[in-house]
Amino acid sequence: KEGYPVNIYTGCKYSCWLLGENEYCIAECKEIGAGYGYCHGFGCWCEQFPENKPSYPYPEKSCGRK
């Protein structure tokens with residue numbers, strides 16, 4: 001799958017500011033076992049995302065909401 005990895009504690013995607021190929025996003029995506037990552041829409045987007053890893057939006061927690 002493809003998508004935004006999510007911080008399960010906050011429900012937020014990982015923010016980024018340098019659009020396109022981005023070392024921070026590549027590292028975040030590799031951390032969860034994805035094949036590749038880049039900054040898209042000010043969030044890290046991962047390709048070849050493992051099916052068993054959560055992605056944004058995270059149903060159990062809405063980013064910035066209680």
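Yeah, the Cβs are placed from backbone N, Cα and C, and that goes for glycine too.
What Swiss-Prot records for 1-64 is domain 'LCN-type CS-alpha/beta', and it gives sequence analysis as the kind of evidence.
Swiss-Prot lists Cys12-Cys63 (among others) with the feature disulfide bond, giving sequence analysis as the kind of evidence. DSSP assigns Cys12 (disulfide bond) to coil in the three-state reduction, outside any helix or strand. Long-range neighbours of Cys12 (disulfide bond) (same chain, six or more residues apart, CB within less than 8 Å of its CB): Val6, Tyr56, Cys63, Gly64.
There are 21 other Cβ atoms within 10 Å of the Cβ belonging to Cys16 (disulfide bond). The annotation disulfide bond is assigned in Swiss-Prot to Cys16-Cys39 (among others) on the grounds of sequence analysis.
Taken from Swiss-Prot, the feature disulfide bond applies to Cys25-Cys44 (among others), supported by sequence analysis. In the three-state DSSP assignment, the secondary structure recorded for Cys44 (disulfide bond) is strand. Non-local contacts of Cys44 (disulfide bond) by the CB criterion (under 8 A, 6+ apart in sequence, same chain) comprise Tyr4, Pro5, Lys13, Tyr14, Ser15, Cys16, Asn22, Tyr24, Cys25, Glu28, Cys29, Gly37, Tyr38.
For Cys29-Cys46 (among others), the entry in Swiss-Prot reads disulfide bond, with the evidence type sequence analysis. Other C-beta atoms found within 10 angstroms of the C-beta of Cys29 (disulfide bond) number 24, with every protein chain shown included.
The annotation cysteine amide is assigned in Swiss-Prot to Cys63 on the grounds of sequence analysis. For the recorded site, Cys63 (disulfide bond), the DSSP three-state label reads coil. Note on Cys63 (disulfide bond): other Cβ atoms within 10 Å of its Cβ, all shown chains, come to 13.
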Those disulfide-bonded residues listed as Cys25, Cys39, and which of them has the most Cβ atoms within 10 Å of its own Cβ:
Cys25
Inter-residue C-alpha distance, Cys39 (disulfide bond) and Cys46 (disulfide bond) (nearest angstrom):
9
Note down the number of other Cβ atoms within 10 Å of the Cβ of Cys46 (disulfide bond), including every protein chain shown.
28
